[in-house]
Amino acid sequence: MKLAYWMYAGPAHMGTLRVASSFKNVHAIMHAPLGDDYFNVMRSMLERERDFTPVTTSIVDRHVLAQGSQEKVVENITRKDKEENPDLILLTPTCTSSILQEDLQNFVNRASLESNCDVILADVNHYRVNELQAADRTLEQIVRFYIERETKKKIDNSVKDIEQIIEKTEKPSVNILGMFTLGFHNQHDCRELKRLLADLNIEVNLVIPEGSSVHELKNLTKAWFNIVPYREVGLMTADFLEKEYQMPFISITPMGIQQTSQFIYQISQILETLICSTFPRHFAEGQQKSGNNKIKFSSYKKESSSNEKECLVLKNQTNLSIIYEEYLNKVFYQNYIKKQTLFISQAAWFSRSIDCQNLTGKRTVVFGDATHAAAMTKILTTEMGLQVVCAGTYCKHDADWFREQVLGYCDQVLITDDHTKVGDMITRLEPAAIFGTQMERHIGKKLEIPCGVISAPVHIQNFPLSYRPFLGYEGTNQIADLVYNSFTLGMEDHLLEIFNGHDTKTQVPSLKNKDANSAQSISKNQNNKFNWSDEALKELSGVPGFVRGKVKKNVEKFALENNHSFITLEIMFAAKEAVNA
């Protein structure tokens, strides 16, 4: 536990509340002091949604400290059960409840006897995990609870061959895991993923937790495979489904042209493996063990009570590669990637244009969550020709994966959740642009370095009403615009000089072809505590406009540190050597 006025990832209970609030008709009750009940305000302000399930706070006050909180918590759970009629109530512990050493599981057991809905205690260690880790664990816990209960129900109904039945959707389908509230452009990314999958003739079985019901979770296993767009939330659920139900998953984030292509190629490989190997092998093994193995491909309606409409049941060695021939056509995937890259995504063309080539070699810093920071580092380096002098993430628990992903794409790596270290790094490296979180945007404003926001934590301007995905081929256009517009461009500098630099703090006009008297007048007109020699002003005027202000500031800083009030050409060169050193 630590006291901080800024955190990249919040406390564990925030992650649990984000997952619970993302589901439909799931009510979270947080056992915490009054000051921790800011979630509802934050979500309604940022997401700007008209309808969502609010969080209830079971307040820890002086009466609780004196008498205990069991009665109060149980009463809050049963009251919400009667008032809201939820499908699930999730009791969320906090650091305060841990300090008080309260037996919340006992509270849940007692409340379950008096409630009609399901009641679960979020199983997270609030001292060891942050917001993202807690969200990942909570999602896996809820999924496991409902799937295992459905499996137990089938066993109790004497379905003895439950392990010998593979029940899948008739058409290849996927689950999208990890889309939830207050995520960075999550809703736009989900829309773009659905469009991409529809182009590949693949259905979306379920998107969890955002907008789904806990009663639909039993249908997760009917999908052919899973997609985890963001590493921060969804990986634990995907690992559980792969281990227990042999469902493969894709964890490549389709962000940027190259990674989107890899994402599509991995889809084709998984489908080929399932159709040509996994399903037939399962059928053969089941026949040897019990003789009654079946593969049932069913088309179902989510709102239907029976869920069954029509089925394709394979009880013999039917060649699936004939039935699903179109999904094994590698030329189709190659043509799709080519068409999207040439005609939908403008990023590949734009990166070769003269406008974007002006950015080649510019120094940048990338910092954010592991998913977005790693993907952005690759995009800047391989697709836009920029130099990433430092790539970093605040996801310390995923540091090994991040280092592996950015190896060879950046000059150095920074793993920290301390924003002051990030600020020190940016100040020392002096990049031309930053791509990071809302905090890096504040740091950039202070240092007069432009910043494009590419990751949470974010502010309200990063929850746009317009369509702005970061994933898929449309996402490549958004990223290209963000990168290009984040820089101060050459033509802008030229116009600023013509119109006397109306929106810059420091203006040093060009002194080419001007005499010494002109240089002296410029020095007098500047309201600085330093006097510049004519030779120094001429040297400064030759510096490109987009870095001139920074050079001037560095020289004056050097002069101040060394007690110089009159800046000469020699002092400028000495300052340059000091910076390079």
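Each residue, glycine too, has its Cβ placed from N, Cα and C.
Feature annotations, reproduced from TrEMBL:
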- D355: active site, proton donor (ACT_SITE)
- D36: [4Fe-4S] cluster binding site (BINDING)
- G490, M491: substrate binding site (BINDING)
- 12-272: domain 'Nitrogenase/oxidoreductase component 1' (DOMAIN)
- 339-487: domain 'Nitrogenase/oxidoreductase component 1' (DOMAIN)
Composition by DSSP (helix, strand, coil) of residues within the domain 'Nitrogenase/oxidoreductase component 1' (339-487): 79 helix, 23 strand, 47 coil
Averaged pLDDT, computed only over the residues in the domain 'Nitrogenase/oxidoreductase component 1' (339-487): 92
D36 ([4Fe-4S] cluster binding site) versus the residue listed as 'active site, proton donor' - Cα distance in angstrom: 48
